[in-house]
Structure formats: C-alpha cells, structure tokens
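One structure below.
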Amino acid sequence: MATCADILRSEFPEIDGQVFDYVTGVLHSGSADFESVDDLVEAVGELLQEVSGDSKDDAGIRAVCQRMYNTLRLAEPQNQGNSQVLLDAPIQLSKIMENYDCDTKLPGLLKREQSSTVNAKKLEKAEARLKAKQEKRSEKETLKTSNPLVLEEASASQAGSRKESRLESSGKNKSYDVRIENFDVSFGDRVLLAGADVNLAWGRRYGLVGRNGLGKTTLLKMLATRSLRVPAHISLLHVEQEVAGDDTPALQSVLESDTVREDLLRQERELSLRIAAGRAEGSEAAQLAEIYGKLEEIEADKAPARASVILAGLGFTPKMQQQPTREFSGGWRMRLALARALFARPDLLLLDEPTNMLDVRAILWLENYLQTWPSTILVVSHDRNFLNAIATDIIHLHSQRLDGYRGDFETFIKSKQERLLNQQREYEAQQQYRQHIQVFIDRFRYNANRASQVQSKLKMLEKLPELKPVDKESEVVLKFPDGFEKFSPPILQLDEVDFYYDPKHSIFSRLSVSADLESRICVVGENGAGKSTMLKLLMGDLSPVRGIRHAHRNLKIGYFSQHHVEQLDLNVSAVELLARKFPGLPEEEYRHQLGRYGISGELAMRPVASLSGGQKSRVAFAQMTMPCPNFYILDEPTNHLDMETIEALGQALNNFRGGVILVSHDERFIRLVCKELWVCENGSVTRVEGGFDQYRALLQEQFRREGFL
C-alpha cells in the first residue's frame, strides 16, 4: 500500500524538498488531530495548491488529501509511523564525514539549498492553523477534568389508577397508607426497577436493603420529589441535605421545622398586637381564642423541651443548642437536619443511611427514639444492628424488583433463604414434570392413535406457569495484598503526646498508645472527641505539641478517610483515576486492581461521579491498596457499603497479615474485626477490657441517668 510520501511524490513530482519535509512532518506528527479530510485540507491544501502550480483545482487537491487521509486512518492501529527502531550497530558520523571533502555538500543539505517556490507567508499561516488546532484539542482535555460533570437524572413512570385519581381529586382519600403499583425507575438508559410495587402501611417502619448501585437512594428521591405519586395529603420529609448555615440558633432552627406551630404562633402575635392597639375587629378575639385552642392541642408550649431532648440525644450540648447554625461543620448540620425531621414528625419519614453521620452513642439513642415513632418510616441502612432494633418490615431491592418481608433484618435473612429454597424446589419440580411430558410427546408425536393425547400434553405444557431459576447474588470477596516481610516491634506508637489546635482547648494530654502488625484495634467515641485527630497523629500528618511519635522505618500505611469522595476526581473513570495516581502500568493492571473490589467491566469506565456511594468507596479501596501497605488506618470504612461488602471487608481485614486501626460506628463490623476497643473521650484514650458489650452497657446506663430511657 502506498504511503503518504509516495502519494506526494507521484502527484507532485516537482515538489520542493523543504515543502515535502514539512508536509510529511505535518501528516505524521498531527495525524491524531485530523478528525476528517476537511481538517487535512485545511492544514496542507493551500501549500499543495501552490506546489501544483494551479495544475490541480480544489477538487483535485481534495482528492489527493482524501487518499492521504485514508492512508493515515488505515495505518493508525499499527501506530508504526513514528516508532523507534533499535540500530544493529552504532553509526559513526566521523567515519561518514571522511568520505567527503571539506567543500563537498552532504546529499541531504543539497535538497534544502534548492530555492523554494512556496509563499513563506502561506507556510506560516498553515503552521499557525495546525498549532491552533492542537491547542484546541489540549483545551478540550483540560476542560474534561476541570469542569463538573453533568450527570443524567433518574426518571420514573407508573400505571395510573382511575379510582385513586378520583378519590384524590375529590379529597375523599383519607388513608395514610402509601401504595404504588407497577412502576418503573430508570437512570439514563439503565433500568433500576421494572414493574415494581411498594406498599407502606401507616405506622410501620421499613428498612430498604440491597446491593450498592441498584437504586435505593434513587427510589427515596423519586418518593421525596413525588415523581412517584404519593397522596397529596401525606406530608413527607427526606433527610438528604445539611441545614444551611446562618445566624439562627440550633434550637430555634429545629423549632421552625414545625410549620404548623410556627404559622399558629405568627397568627397569635399579629392578632395580639391588633387587639392590644385597639384595632381589632369583633371576630378577631374569637379567632385568637381558636388559635390558643389549637396551640394547646398540639402542645406548643412543650415544643422547646421536646426539641432540646432530640438535639441532646444527637449529641448537641446545651451550649451547642444556642450556637448559630453557621458555626457548625457539615457533619453537625446533617445531624441538625435529622433533628428537624424528627421534631416535625411527618406522615412519611425518608432516611438515607442516617447512621453514617452519627457516633455509637447517638445511634443507640436514635434506635430507642424511633422504636416509638408514631407514623411511617422508610430507611435505607446497611447497619444490621440498627435495622434489627427499629425495623418492623424489610423491603429487598434486587433483580429490578422489590420484595417485602415482615420482621426485622435477622427474620428477613431466614425468610429470604426459605423463599429462595422453595422457589428453587418448585422450579426443579416443574422442570422434571416438563421433561416427563416432553418424553411422552417425542415418543408418540407421529403415532396417529395417540394424536389426541399428544395434543392434550402440548396444551398442558403451554398452560404451565413459567418459573425462573433462582437469581443467586454473586458472592463479594475482598483481599488486601500482604506480600511483605514481617518486622519486629515497636511498629507504631505515641508516647506522652500533647496536642491542640488552640492552646486554650487541649485535645489530648499525655496520650500514650501503641500498635503492631498483629493489632486489630477499633476506636469509638462521640463526634468531636478527637478520633480522627488521633489517627492523623499516628500517621504523622499532625505533629505532637509535646511527646514523641515513633514509627518503624519499614512501616507503610494505607489510609482510608471518611471524606474519601472529596479526594477522588469525579470527572474521570476509575481506570483513569488509578492511571493518573500510579502511571506507567498497562490498562489491564488497573482493571485487575479495580476488579478485586467489585469495579469491573463497564463500571470501571464510567465517570466516578456516576457511581453509587458504595461503589465510590470501592474505588477508594482499590486506590489505597495499590502500593501494598503493611498497616491500615481506616476512618469509617463501612459508610455507604452494602452489608455483603461490609462482611467481606471484615473477612479481608481478619485475613490481612499486617496491622489495623479503625474508627467505626457499625456494631456488627466492630464485633467481626476488632480484638481491642479504645474509647476516645475527655482528652485521653482508654482501653475497654470488656469490649463492645461493656461499652454499650456504659452508654445505656448513661441514657438512664440522663432520662432518655
């Protein structure tokens, strides 16, 4: 096949050497920039027109460019145009020069000394156009990572019910049950739910469970925005975003969430002022009396005390309850959003992973509080103990459908196993029955005497319901690489460490802790007690004000932050993310690393922003383990992970040959992994000999003393 150089020589035999070198250089170095033949014509067309001496018209020049463009595209996969070749032997330029006299010109230079018949200005313009095109392409690549990615939004559709529509429009629908039948939910071209039904009975507490990325959070959003039709008379609240910070005190912010009470108080103030000023009409005194009656009915005078109890249960001290909301961090504002929802008492409360923002103490309080919740709750949670404590029903999202189960999570596990076992038995029994009938049909298909029986058997097969084999969810397996040499203690320790950000507020005083490669340590304590600060001291990210941090010279720490999503570039794929962090490896290596944590196939090539919370966590695990650390420090690693992945993470940490220190609020995960429990409080860290059972008992006793139980 002719090369671009061959095409140039055959079409333009008189082409100048300098122009020939320039055009071939443009063709090879800029081939990636030619998205169409028009780009190639724009780059070299004028030069070739000049070279032809007007012997070729525009169509002729375009035809030549088309031939060269086709040649470039065909050669592209091999990518051999600019490949480097290893020489068989070194070239000695001095030996070559000996064959020429001093006045003799080298052959290559003779060509370059020939006069050029091409307009120099046109040559400069062509070079400028090519440079501009390359800059434009580079700018596109920069924008790809700097601009926030615009993701597709979820959509929902559902079958309508004329009866329900008539009841809704007439105002006769007084039921507080939520019943949505035969609906679909999709995210772009991905179908999350197809022909699904959801039934939420008034006063029941539903736990919504399922693997990461199947659409649990999306379903909550569809309900919260009423994209799925929820009766208009049912009030609902979705705890999703943190409270905006302003000068409103935390306690007042919670009180304002009860819009009915706030509206009545506003009317009471306005009427009282009018009556006091002598401007009231005769009926307004009666209106004021009616408002007082309504305020008494909703126990408005007890509202501040009730709001204060909720805030205290979620960890707000009396001083914090009077602080402006703008002074709180994002985590505390999320707690404030939860407090507002609990205080407002909607007919349908939607909670998405509420325990992620809470410490163990606040979770135990929330469990106790929700057990007496009067209306309906739908909560997404991967905390088994939390669901066992609060759920009356479980909704399982899988295979694009929703299956309902009565009872808490442990009851759900047993019921699901029994259902799957029965489903498999029914399927196998029907398959045997079908085979038995099919044998009869095949045997007597061409027997005229048995024709009626064969037809009868065929009809029997047609009438049998179509049973499908059980969809078994794939097992989640995680493994942390541990191909490193063991080394002797001391491995990692803090000795008599003092630390503070502000000298007036000490965080740690004379802190002494240590860990080795056998350690499985869990750190618990209230938010703000210094758990994350201690982890940063152990890693060396923070330096002690006084005292010593000692780390073994061979120690290699892998760190998982509870804010790991903020450290990921959300605009690129998971594969590209690893390639940028650890350059120089083949793409298959990055894919293999991601596959170890369940990010495989199409998932690995999707923008990280489009992944679910749990899938983003898996990407963070893949990134953390890539350098093969021998010690892991994990800050809330179970946030957003589904239950199967939490179990797999626990097993992987137990099998890991190095050391582990983690902060977690997940009781089951703590019991699964940890051999040692540290409690962080009052500027120190103490070891609890009785483990989590003793710590839980201490918290329950504290609740009783404070009047929460």
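The backbone N, Cα and C atoms fix where each Cβ goes, and this holds for glycine too.
What Swiss-Prot records for this protein:
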- A2: N-acetylalanine (MOD_RES)
- S83: phosphoserine (MOD_RES)
- 129-143: compositional bias 'Basic and acidic residues' (COMPBIAS)
- 129-171: region 'Disordered' (REGION)
- S155: phosphoserine (MOD_RES)
- S157: phosphoserine (MOD_RES)
- S161: phosphoserine (MOD_RES)
- 161-171: compositional bias 'Basic and acidic residues' (COMPBIAS)
- 178-424: domain 'ABC transporter 1' (DOMAIN)
- G210, R211, N212, G213, L214, G215, K216, T217: ATP 1 binding site (BINDING)
- S283: phosphoserine (MOD_RES)
- 492-707: domain 'ABC transporter 2' (DOMAIN)
- G525, E526, N527, G528, A529, G530, K531, S532: ATP 2 binding site (BINDING)
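Mapped onto this structure are the features recorded in Swiss-Prot.
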residue : record             : contacts (Cβ under 8 Å, 6+ apart)
A2      : N-acetylalanine    : S10, T71
S157    : phosphoserine      : F183, D184
R211    : ATP 1 binding site : H398, E473, D642, E644
G213    : ATP 1 binding site : L603, L611, S612, G614, Q615
T217    : ATP 1 binding site : D352, V380, S612, G613
S283    : phosphoserine      : none
E526    : ATP 2 binding site : G315, D359, R361, A362, E681
G528    : ATP 2 binding site : G315
A529    : ATP 2 binding site : C680, E681
S532    : ATP 2 binding site : Q562, D635, V663
Cβ contacts of N212 (ATP 1 binding site) (under 8 Å, same chain, 6 or more positions away):
S612, G613, G614, Q615, R618, H640, L641, D642, T645
Restricting to the domain 'ABC transporter 2' (492-707), what is the model's mean pLDDT?
92
Taking every protein chain shown into account, which of the recorded positions S155, N527 has the largest tally of Cβ atoms within 10 Å of its Cβ?
N527
Do any residues at least six apart in sequence from K216 (ATP 1 binding site), in the same chain, have a Cβ closer than 8 Å to its Cβ, and if so which, in order?
L208, V209, G210, D352, V380, L397
Report, in whole Å, the straight Cα-to-Cα distance of S155 (phosphoserine) from G530 (ATP 2 binding site).
42
Whole-number Å distance separating the Cα atoms of S155 (phosphoserine) and G525 (ATP 2 binding site) is 41
How big is the gap, in Å, between the Cα of N527 (ATP 2 binding site) and that of L214 (ATP 1 binding site), rounded to a whole number?
31
DSSP, reduced to three states, assigns K216 (ATP 1 binding site) to helix
Conformational class of S532 (ATP 2 binding site) under the three-state DSSP mapping:
helix
Neighbour count (Cβ, 10 Å) for G215 (ATP 1 binding site):
25
